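Read through the structure below, which is laid out as structure tokens, and then see the notes.
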């Protein structure tokens with residue numbers, strides 16, 4: 001009745017996922033039997049016995065009489081030739097053992113997918129309880145159900161976790177890592193990951209050793225190395241648990257990258273400490289040399305993993321150069337090379353997580369420049385799908401393994417572990433933050449410190465490392481595993497469920513849902529270049545300086561080797577523009593924005609009487625987040641650098657410095673040529689025949705040849721560039737027009753008539769030898785204040801281009 005009332009209370013959209021879950025659970029039960037599918041008792045017969053059959057005689061069906069061995073007819077042909085009696089052809093057969101493993105794997109994946117659908121169908125539950133908690137509860141229920149029917153629940157094997165479930169999650173996090181935020185906070189992340197993990201391991205291990213000494217007879221035999229090994233396992237922050245919780249609360253980028261980056265980079269410390277204490281536990285005596293070698297192994301494991309990842313990332317980027325004609329296999333290279341990097345690192349006992357992160361970060365910019373847009377979409381969705389399914393299976397198997405595993409409970413040890421984990425985390429974050437804030441420009445506030453300390457969640461990595469312990473060398477491994485599961489459940493359930501209300505209560509800044517505008521991106525890039533220039537001036541080589549060095553090295557050498565064709569040379573903005581135009585055209589055709597074209601040849605189309613389509617309103621496609629992100633990336637990579645701009649500015653400069661960039665010269669020449677043409681048209685009223693005159697590339701200086709031969713009907717004007725500010729330096733060849741032109745300030749109409757009277761002759765102004773005017777003569781105002789006079793003075797006072805060295809004399813002699 002309770003089940004029926006619960007089903008009646010669900011709406012139709014919610015009943016379907018529930019029924020699918022029940023079907024999946026029902027399918028799991030027969031698959032988990034250790035001996036395969038059991039047949040009915042009638043089917044399990046001995047080879048000598050024959051099944052009872054009925055004989056049909058006419059319309060009457062009779063049962064065969066009981067046949068004794070003496071009365072059984074003998075088939076002489078069989079006995080003579082030694083052949084067995086022929087069996088009937090099997091119409092339907094059952095062989096579950098043949099498909100057992102893939103069938104059970106498919107059922108578990110199906111259960112994980114149905115769980116994710118069911119959680120989002122009921123939004124009230126998912127808004128209160130994190131998804132990771134619900135998945136663990138489902139695992140507990142499934143494990144209890146399997147154990148209740150008398151079967152042994154499956155256990156999360158460490159090899160399955162480290163080789164198949166963990167790599168997709170780390171690859172997804174490394175491939176789509178926010179590189180800018182990660183590099184800007186790399187120092188803080190390394191301090192939390194390395195120093196913080198070491199502090200937690202030794203602090204927790206030392207306190208637990210003290211607890212074991214006074215805790216009683218059950219835990220007195222646990223030594224110091226065993227407790228240090230246990231502390232190294234339980235001290236590491238789990239990236240899977242952090243991703244599952246922090247992505248739901250939408251915390252700001254700084255806190256997210258600090259906690260998540262710590263969970264990624266502390267893998268090297270955890271691996272080194274785990275193998276170090278595991279080896280030391282087998283030694284009778286540990287010397288100083290062993291401790292020094294263990295310290296050096298940390299750098300080997302961390303840097304070796306990074307090196308392996310970089311090598312495979314470069315190989316993947318280089319391979320993608322040659323996939324232009326085989327686009328189908330492009331996503332496969334990303335997955336294979338990344339997974340090979342992880343396996344190669346694990347082969348040499350290096351950090352596989354560091355190798356995956358390094359390979360994803362290195363290969364992404366070059367692979368995306370070589371592959372097609374469809375391949376990029378495939379990589380994105382496949383990684384998200386793969387990591388989501390792996391994360392779901394990990395939490396479900398955590399619950400199932402809790403029911404299936406053997407546990408040893410000790411109140412003193414378990415409660416002390418939980419309490420000291422919280423104390424070590426809080427003290428470590430407070431102490432390290434006090435030191436870090438002395439060097440950070442943006443300080444970590446007390447609210448930020450609380451979220452960082454409260455977000456240190458433990459997960460499946462600690463569980464798998466605890467499961468790997470050998471009972472021969474560590475007899476109390478069941479107690480360790482029980483304490484680890486307790487800490488995992490407390491951090492996931494208690495801290496994971498309460499972190500969202502605490503974030504709202506403390507008013508911690510959350511992540512902005514809207515992307516930054518293009519204007520903000522341009523200003524951010526401008527400030528980066530500005531800070532780089534300031535660092536160069538001050539002589540301080542900060543991260544902006546080294547970032548600029550790496551970008552220059554990347555553009556000059558690396559891109560030419562790893563990016564195919566002209567894509568390494570031409571700006572990505574142009575290629576992206578053509579891509580956007582193509583997408584827009586396709587969207588317009590699909591949306592009906594263009595006239596329909598007949599799909600088949602017909603007489604109507606041949607007669608050209610096809611009715612014209614009505615002018616449909618143009619549908620402007622909305623700018624998606626992916627397109628906007630591509631625009632931002634292109635702007636970040638292709639904005640003009642500050643050092644490549646003009647070295648100096650002068651308002652009298654018409655021709656650019658010949659040592660400047662070619663395109664800067666072109667822009668300056670065109671701009672100054674347009675300004676000069678505008679001045680001539682405005683001041684001298686010379687008709688501009690743009691159709692007959694070629695475009696001026698630059699201003700003519702000194703004795704340069706004319707850009708084109710002047711026409712006969714145009715007045716010829718020659719201006720002395722040496723002393724353009726002196727009206728006496730202009731000599732008119734036609735003496736009759738001299739007085740009329742000089743009297744332009746008094747009678748403009750007379751000057752116009754004079755120009756009309758002598759159109760054939762034109763006006764010729766020849767330079768005279770400049771005199772040596774005084775300061776008062778140079779800066780004295782004109783005698784007339786009429787508009788025409790002022791316009792003439794502005795024309796004659798235009799300095800024009802600077803003359804070449806040796807042409808003309810200086811305006812003011814050196815003696816004055």
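Backbone N, Cα and C atoms are what each Cβ position is placed from, and that goes for glycine too.
From a predicted model like this one, the values you see are computed outputs, not experimental measurements.
According to Swiss-Prot, the compositional bias 'Polar residues' annotation covers 37-50 (among others).
The feature compositional bias 'Polar residues' is assigned by Swiss-Prot to 783-792 (among others).
Marked as phosphoserine by Swiss-Prot: 599 (among others).
Among the features that Swiss-Prot reports, phosphothreonine is placed at 603.
What Swiss-Prot lists as phosphoserine is 605 (among others), and the listing cites similarity to another entry.
Look at Swiss-Prot and you will find 648 (among others) tagged as phosphoserine.
The phosphoserine annotation in Swiss-Prot covers 693 (among others).
The phosphoserine annotation in Swiss-Prot covers 697 (among others).
Positions annotated as phosphoserine by Swiss-Prot, on the basis of similarity to another entry: 703 (among others).
Annotation comment: Swiss-Prot describes 723 (among others) as phosphoserine.
Per Swiss-Prot, the feature phosphoserine maps to 726 (among others); the stated evidence is similarity to another entry.
The phosphoserine feature in Swiss-Prot is assigned to 729 (among others).
Among the features that Swiss-Prot reports, phosphoserine is placed at 786 (among others).
The feature phosphoserine is assigned by Swiss-Prot to 788 (among others), with similarity to another entry given as support.
Annotated phosphoserine per Swiss-Prot: 797 (among others), in sequence order, evidence recorded as similarity to another entry.
What Swiss-Prot lists as region 'Disordered' is 37-79 (among others).
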Q: Tally the residues of the topological domain 'Cytoplasmic' (439-444) by DSSP class, grouping H, G and I as helix, E and B as strand, and everything else as coil.
A: 0 helix, 0 strand, 6 coil
Q: Check the topological domain 'Cytoplasmic' (122-130) for me and report the mean pLDDT.
A: 80
Q.
Which sequence-distant residues neighbour the topological domain 'Cytoplasmic' (177-186)? Criterion: at least 6 residues beyond either end, Cβ under 8 Å.
A. 253-254, 257-258, 261, 357, 360-361, 543, 547
Q | For the topological domain 'Cytoplasmic' (439-444), distant same-chain residues with Cβ under 8 A (at least six beyond the ends) | A | 187-188, 254, 433, 452
Q: Using a Cβ-Cβ cut-off of under 8 Å, list the residues of the same chain that are 6+ residues beyond the ends of the topological domain 'Cytoplasmic' (323-328) and lie near it.
A: 370-372, 374-375, 564
Q: Count up the helix, strand and coil residues in the region 'PI(4,5)P2-binding region' (552-560) according to DSSP, in that order.
A: 9 helix, 0 strand, 0 coil
Q) What else in the chain is close to the topological domain 'Cytoplasmic' (122-130), if you only count residues 6 or more beyond its ends and a Cβ gap under 8 Å? A) 14, 244-245, 248, 492, 496-497
Q.
Can you break down the region 'Confers pH-dependent PI(4,5)P2 binding' (540-545) into helix, strand and coil residue counts using DSSP?
A. 3 helix, 0 strand, 3 coil
